[in-house]
Amino acid sequence: MSGSGGYAARLSEYKNKGVVGLTERFDSSRVLESKLDRLHKLLVSSKSVVVLTGAGISTSAGIPDFRGPKGIWTLEEKAKAEKERAKRKKGSSSKADAKKQKTPAASDEPGSLVTVDTTDDSSTSPLPSTASATTIATTAATTPPPSDLFQVVPPTPTHMALAKLVQLNHIDYIITQNVDGLHLRSGVPRNKLSILHGDCFTEKCEKCGYEYFRDFDIGGVSFRKTGRTCEQPGCEGALRDTILDWEDELPEEDFGLAEDKCDEADLVLALGTSLRIIPAGQLPLRAKKFVVVNLQNTPYDDKAELVIAAKVDEVMNDLCSRLNVTL
């Protein structure tokens, strides 16, 4: 297991994950062209633009999402369903065998047929690793095994486009639900970014609050000690992972800034997110207008100024072209 699958495996069991296995939809080329033109006009007419990102902006890097056809939670639910079907089939077979032994005449009765879907939907693109094993000086006992660690992958075209648009002041602020560190790796300044659910590559000093962005997955979940100490002068505080578990509260400073930026925004672009994890999913509702770019529907499509059903990389490349921005 690797990437977001490894991250998901660290989280505690949680039943209320909402709808999974969402069907992907695509706008026709004619409809898409019209929507892309409208998106460009909305952006250039807005004084303050904020972006909220979800797992869908990282899938082109080989990191699976959670609710799509091959999403982590979708495949997890399929596996559970198949296991339950197999269990019921085994139970039916055992009962039939027992009935045959006790009442031979019943052998002429038709048995119950249980169909088990054996299609392999679990394959995902392998993630190339560029992290050296020698970069990890010390690991805590709670660090997951290597198979459960995020591997370093390059930022997607969407990540690079967003970093460039922030640099050129077309975008004021980015809020992410992702834990893959790709916004920071693409060059988005930390003071232009709210990281709501933690970062697999960031560990934070429990004493002075200084953050260390590493080139390897920190491991752990729910602010466990990583085994390293702060290197700031006179500190030496213990470093902890920054990944939230289901019951952990969102980081106060990051979420507070996210709320403030959305309150001030003329436009929020919700990119690659199904907007189904709250409170993050409700942030676009705070802005004057918001646009959804996602292949699956969201609970707030009817409130959006514009909904674009297309791959995020395609949309962002087109937007940069219309803005005369070269990546």
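Cβ coordinates come from backbone N, Cα and C, glycine included.
What TrEMBL says about a protein is an automatic prediction, not a curated fact.
Listed features, source TrEMBL:
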ACT_SITE  His197  active site, proton acceptor
BINDING   Cys205, Cys208, Cys230, Cys235  Zn(2+) binding site
COMPBIAS  112-132  compositional bias 'Low complexity'
DOMAIN    29-327  domain 'Deacetylase sirtuin-type'
REGION    79-132  region 'Disordered'
Between the Cα atoms of the residue listed as 'active site, proton acceptor' and Cys230 (Zn(2+) binding site), find the distance and write it as a whole number of Å.
22
Averaged pLDDT, computed only over the residues in the domain 'Deacetylase sirtuin-type' (29-327):
81
Just how many other Cβ atoms lie inside 10 Å of the Cβ on Cys208 (Zn(2+) binding site)?
13
Go through Cys205, Cys230, Cys235, the listed binding-site residues, and name the one with the sparsest Cβ surroundings, counting other Cβ atoms within 10 Å.
Cys235
Cβ neighbour count within 10 Å of His197 (active site, proton acceptor):
19
Which chain neighbours of the Zn(2+) site, leaving out Cys205, Cys208, Cys230, Cys235, have a Cβ atom within 8 Å of the mean position of the site's Cβ atoms?
Glu206, Lys207, Gly209, Tyr210, Thr229, Glu231, Gln232, Glu236, Gly237, Leu239
